[in-house]
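Asks: Here it is: the structure, laid out below.
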Amino acid sequence: MGHWAGTQTSLLCLALLLLQLFARCCQGLQNPAVLPTFFFTHSLYNATVYENSAARTYANSKVKMGVTLTHKSWDIKYRIVSGDEEGFFKAEEFVMGDFCFLRVRTKGGNAAILNREIQDNYLLTVKATVRGEDLDAWAKVNIQVLDMNDLRPLFSPTTYSVTIAENTPLRTSIAQVTATDADIGSNGEFYYFFKDKVDLFAVHPTSGVISLSGRLNSDERNRYDLEILAVDRGMKLYGNNGVSSTAKLFIHIERINEHAPTLSVVTHTPSLLDKDPTYAVLTVEDMDEGANGEIESVSIVAGDPLDQFRLVKRTGSNEYRIKGLEPVDWDHFPYGYNLTLQAKDKGSPQKFSAVKVVHVYVNRPQAVEIKFEKEMYEVSLSEFSPPGVNVVAVKLSPEPQDVEYNLNPGPDSDYFKINPQTGLITTARHLNILEKELFELQVVDLESDLKVKVSITVEDENNHAPLFLQPSYEVFLNESIAVGTNVLTVSATDSDRGENGYITYSIASIQALPFTINQFTGVISSNNELDFESSSESYIFVVRASDWGLPYRRESEVNVTVHLENVNDNKPLFEKIACQGVISYSFPPGGQITTVSAIDIDELELVKYKIISGNEKGFFELNPDSGVLVLRKSLTTANPKNGVFNLKIAATDGENLSDSMFVNISIVHGKVSSKSFSCNETRVAQKLAEKLLKKAKANSKPKIEDVFIDLYSVNRQTPQFDKSFPSEISVREDLKVGGSVLKVKAWDGDTGFNGRVLFTISDGNKDSCFNIDMETGLISVLMPMDREKVDRYLLNITIYDLGSPQKSTWRLLTINVEDANDNTPQFLQESYSAVILENTNLGTAVIQVEATDKDLGPNGDILYSILTSTTQLAINSSSGIVYVAGQLDREFKAHFNLKIEARDKAERGKQRFSVVTLKVSLDDVNDCPPAFIPYSYNAKVLEDLPVGTIIAWLETQDPDLGLGGQVRYTLANDYNGKFEIDKASGVIRLAKELDYEKQQFYNLTVRAKDKGRPVSLLSVSFVEVEVVDVNENLYPPYFLDFAVKGTVKENSRIGTSVLQVTARDDDVGRDGEIQYSIRDGSGLGRFSIDEETGYVRSPRVLCALLASKYVLC
């Protein structure tokens, strides 16, 4: 150390070399005089000196420090005037040639030494003076104190303690120790290493980071007490292996359940109508191994106050499904439930997952509660409606699956019935507006207890015939009434309303009658004279009362009997009048003269005769009953006027007096013939006979009611189905509501209402799928059909007429519901999963997925396909068997998440399909050897690294699982124990110190072998270790002399040796070998130096006239 005179460079310049040339031919030449100048070559100089330098150690400068001697007689002195308060330095003079060098050195005998850590720079002010002359110069010298490796690294703190989990991954940094060294540069560099050999841990030699290099097992050992050393690199270089500092590291191994379970949730919003809905799918994962990674339970810890939900674990997985316990109360929680879920593992200590809030919700119409579609149902119903007619369908919206409609018992409920499932109300019996016009029903859903009112108004139909107030009418009528006299008033009532109840009257007779009837009032009056004597004694006829209903009028009839009463309305009529006759005076008294005869049509044989005049003297007597005129007393005394008696005779029926007739009797003397009387014939008898004949004929005619055929009021025939009525038909189940199914044809031979036919479905319409138009017989779809529920209906089609009494008949109609593609294929499971070995042979069946379709034929035939693009797996399109179709490799792809479609083969319309997820997991087979990453390694290692340092950390990848993925490492050649490898972690450490000078490269062969059974697999890698040389050139070369003088004659031959310089290097080996060279000076290029011997030679002829001296550096 005491010989250090320059900087730490490989080459050192000789401070000054003066070559004096001795001239032979140029001795007389002299330089002209110059004015004296006195100054330093530079105003500031930089110089260096090592700390802890011994006394009389000179500072080194890259340039010449000092003053040029203008006059050789100058005696220059240097003195430090400031900057050295501690007195470390002294300025000295060294004269060589025409230059006075300034040399600064450490003083001797002073206990204080330079310490860079205290002060690393001194700025000295140096004054130069010339003895005996008033000359001085000033310069500053900046002394830089260079560092020496005089301090050792120190730990702070000296004790460390960490706790790590036993499952800490390899290469994890678990701690860091810290030491400091106040030296700078390479002097402050140091290495960390363990005092004793440690396999499970490694310390980085420069950062002090301790990392894990082996697998921990707290059961085997739960604490490690390690000692870490910090060694100054320079100490090894200088041959001193002393330890500067020691730190203790306590590592506690804790059995830690490192990972808490994690929850991932996929929510699903089912429909309110779904059966056994899944509200969410929950997957639980725990990254720990063994029991620490097993899930003990998953629980609903909050958000389910009514305990309505449960978690169902899927077999063989950590998948859970949130299900509901029916029924879930959505009414009080319309916005759903916020379920708080938490999982716990089986580790010790147990760890709980972070709570996961899952919003459970069901699709239901927002702001719409379950209620009837109408607040009140109001319908009108024809009074004609027979039993079985559809009235109205009540419906809850949305309709629950378990709905059950019922009619609350009441006075009106017996007239109707309701289908509990469909809510269709139909008539149960005939309706009569006279009995009840308005029906009030109450429908209730037995499940929800929701109620709704149904108001049914019966519309009046013309179903009532007019009804006469009497079953028959009879009247006795005086034949003498005048024409237009009201004979009788018939009256009928009709319970129908409006025109259906408006009545008009008419006489239903095919014979002429002397009567007429007012069509509005029913008043019967005579429209012709009546005559008892010449017509029927009684008239029996039918009066018809008709309403104005449509399309037919209803009519009823009543018998009216009119009896003619005989009235004495005819005066007697003489058969003969104006009689004249002759009798003799001798005509004997008592003798019959003649007979008068009068006829009274009203009362036969009741006529009385009397002589009105001409018999004042009483000669004649007229029998009042017989009309015989006899002579009462002798005519001998008679003296009539002109010999003629003019008798005026009249006949009476007691009320009416006939017209008088005259009998003129002439009295003559002598004998007179009996036929002497003659009269005028009145033909009364003939007329009477004709009248009697006419009456007899009238009485002999048949009664009116016997010949009148009532085609309207008598319901003679039963309605009949048309011969085209089928016994069986087919209809597609997807026929839309309102679509026509069949038009039933029927007829009735009666007329009017008796022949009008009504249609109804009286039985078999259990799902309310069909409706028949009461008027037209058209069967249509009322509610959607579902063949999968009911594929056949047996309807009782009943037809009624509107006659009285009403007649009906029925036929059975079978409706076969044909399949339509209205059902989507349904998989038997919500999802599928399978596990197979990765070396499964091609064609091997993996799993069979199965779907069902309730449709028939092609609509129900299912075709399976895999939607996910894959060549490794395929599916049998018919059976749904998934099989291996390509080479499997778990390491390339461990799971297949396939979307499998089940599609029907519908030939008409749109095909239906559904999709399910199939997860196929591959179980590992030991088919992969460990693969080094990278394939080979290169490591550069400083030759001075401490033993135990990690020089390479090998990494392999073996994608196999279990033992097949566990790798063990070995070295094929450790170069006599210089290297070692951790068999589990792949860490390569230095086992012995390296020496660059002995060997610079090592090629390590590393084997990595897995533990697979029954065959383990092996891989080989190479690690090329390059030893990096550490600069052991500790000492710079130095010249033995500060300056060397030499001389040479001018004109000496080329290559003349001038002088030899000698330098030393305290390093050994190549680091101590010295090479010489000329770097600077006025002689640069004019002289050469042998780089090995140090001899300076002249490469050319020199001339002193040009230069008498040269300086070499």
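Along the chain as shown, the residues are counted starting at 1.
The backbone N, Cα and C atoms fix where each Cβ goes, glycine too.
Pulled the feature table from TrEMBL, pasting it below:
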- 41-155: domain 'Cadherin' (DOMAIN)
- 156-263: domain 'Cadherin' (DOMAIN)
- 373-468: domain 'Cadherin' (DOMAIN)
- 469-574: domain 'Cadherin' (DOMAIN)
- 588-721: domain 'Cadherin' (DOMAIN)
- 723-827: domain 'Cadherin' (DOMAIN)
- 828-932: domain 'Cadherin' (DOMAIN)
- 933-1039: domain 'Cadherin' (DOMAIN)
- 1047-1112: domain 'Cadherin' (DOMAIN)
- 1-28: signal peptide (SIGNAL)
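For each listed feature, how buried is it and what is near it?
Replies: Secondary structure counts, DSSP: the domain 'Cadherin' (41-155) has 0 helix, 59 strand, 56 coil.
Within the model, the domain 'Cadherin' (156-263) carries an average pLDDT of 83.
Residue counts for the domain 'Cadherin' (828-932) under DSSP, helix first, then strand, then coil, are 3 helix, 48 strand, 54 coil.
Across the range of the domain 'Cadherin' (933-1039), the DSSP-based residue counts are 4 helix, 48 strand, 55 coil.
In the domain 'Cadherin' (1047-1112), the DSSP tally of helix, strand and coil residues is 4 helix, 22 strand, 40 coil.
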Asks: Summarise the domain 'Cadherin' (723-827) by DSSP state, stating how many residues are helix, strand and coil.
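Replies: Per DSSP, the residues of the domain 'Cadherin' (723-827) fall into 4 helix, 48 strand, 53 coil.
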Asks: Have the domain 'Cadherin' (156-263) and the domain 'Cadherin' (1047-1112) got at least three CB pairs under 8 Å, pairs 6 or more apart in sequence?
Replies: no
Asks: For the domain 'Cadherin' (469-574), give the DSSP counts of helix residues, strand residues and coil residues.
Replies: 4 helix, 49 strand, 53 coil
Asks: Just give the helix, strand and coil counts over the domain 'Cadherin' (373-468), going by DSSP.
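Replies: Tallied per class, the domain 'Cadherin' (373-468) gives 3 helix, 42 strand, 51 coil.
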